[in-house]
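Down below is the structure, laid out as structure tokens.
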Amino acid sequence: MEPKTIKRIGVLTSGGDAPGMNAAIRATVRAGFYYELEMYGIYRGYEGMINDEIKKLDSKNITHILERGGTFLKSARSAEFRTQEGRKKAYDNLVKHGIDALVVIGGDGSLTGAHLFYKEFGIPAIGLPGTIDNDLSGTDSTIGFDTACNTAIQAIDKIRDTATSHDRLFFVEVMGRDAGFIAINTGIGSAAAATLIPEKKMPIERLIERLKARTKAKKQSNIVIVAEGGKSGGAAEIAKKVKKQLPYYDIKVTILGHLQRGGSPSSFDRVLASKLGVAAIEGLLQGKYDVMAGVINHKVVYTPIAKAIVGDKEVDEDDFRVAKILST
Ligand code: ATP
């Protein structure tokens with residue numbers, strides 16, 4: 001597409017927050033200044049676009065934010081943006097501020113919103129994958145995924161100390177919604193006894209067999225990682241079923257929950273977010289609209305948003321095999 005003249009770009013974060021969102025905002029804004037553009041922060045995601053929470057940014061706004069978790073622009077979920085009237089209000093506010101392009105940092109829902117908005121109003125938009133879940137196609141890793149895995153692994157290291165001291169069996173639930181990426185990585189990285197992910201159903205009998213075999217082999221501790229939204233149920237539900245069949249086990253359940261979203265981004269996420277922030281601005285200037293910038297095999301790639309959000313990214317079979325081999 002022939003690039004439109006772009007002078008003012010609005011940037012927003014939307015959906016669940018993820019570590020590295022600040023780094024992505026900073027890189028986007030810095031790259032904007034480098035190319036002599038005016039940069040605007042849209043606070044509270046699409047909700048702020050509808051309510052006109054839009055402010056011009058200067059370099060002071062983005063000082064010392066690279067290393068901070070969360071998003072200084074705040075994030076929100078907006079029911080009103082799902083309606084055409086809501087999106088029209090948002091469009092009118094962009095026109096009022098003379099904003100002629102958008103960078104949307106968020107998960108599949110947020111990118112769906114950007115795609116619809118582009119189709120309806122023709123505002124050039126580029127998405128950046130900002131979610132801990134890693135469930136977007138068009139990028140090897142989403143911004144925040146690596147940090148979330150590190151956080152989960154550090155927490156499980158601590159749980160292992162108590163599991164070993166008391167011969168306990170722990171069921172640890174990690175985030176990821178319908179995707180098992182955090183679970184499988186955490187399982188491999190923390191030497192889990194088993195990893196239960198939504199993509200693969202593990203019958204309870206097989207889990208019991210594995211736990212019995214590990215007891216026989218005199219394994220010092222047993223930690224089972226359970227992805228939220230798994231087909232076999234959450235950690236509490238599975239623990240209950242196992243307790244029924246192995247009543248002599250001292251079983252505990254830990255749900256890591258929102259602590260996986262917070263914290264300073266890892267080196268990997270900082271670099272990824274920085275590359276993608278620059279890619280967003282350069283993509284817009286080159287006329288790449290309605291796409292998501294991602295990194296595949298260390299190279300920046302642009303994927304149509306409609307393709308990135310289809311939800312066909314799958315846990316690598318090899319990762320699953322490695323987790324299985326190392327847990328027996
Ligand atoms: P995460 O993966 O971390 O949950 P997300 O971006 O997928 O992040 P959602 O709550 O699904 O989070 O979406 C964020 C916002 O994007 C929604 O609150 C809504 O404003 C907008 N959005 C999502 N889906 C649509 C849609 N189909 N049409 C218009 N807007 C949408």
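Glycine is no exception: its Cβ is also placed from the backbone N, Cα and C atoms.
Predicted, not measured: the structure shown is a model, and the values here were computed from it.
Of the listed candidates (Arg160, Arg321), TrEMBL assigns Arg160 to the same ADP site as Arg26, Ala27, Thr28, Val29, Arg30, Lys219, Gln220, Ser221.
Per TrEMBL, the ATP site holds Arg77, Ser78, Gly107, Asp108, Gly109, Ser110; the candidate it also names there, chosen from Gly16, Gly20, Gly176, is Gly16. For the pair Gly107 (ATP binding site) and Met175 (substrate binding site), the Cα-Cα distance reads 14 Å. If you take the Cα of Ser110 (ATP binding site) and the Cα of Arg261 (substrate binding site), they are about 17 angstrom apart, rounded to a whole number. Mean per-residue pLDDT, taken over the domain 'Phosphofructokinase' (8-283), amounts to 95. Close to ligand 1, meaning a Cβ under 6 Å from one of its atoms, are these of the binding-site residues Ser78, Gly107, Ser110, Lys252: Ser78, Gly107, Ser110.
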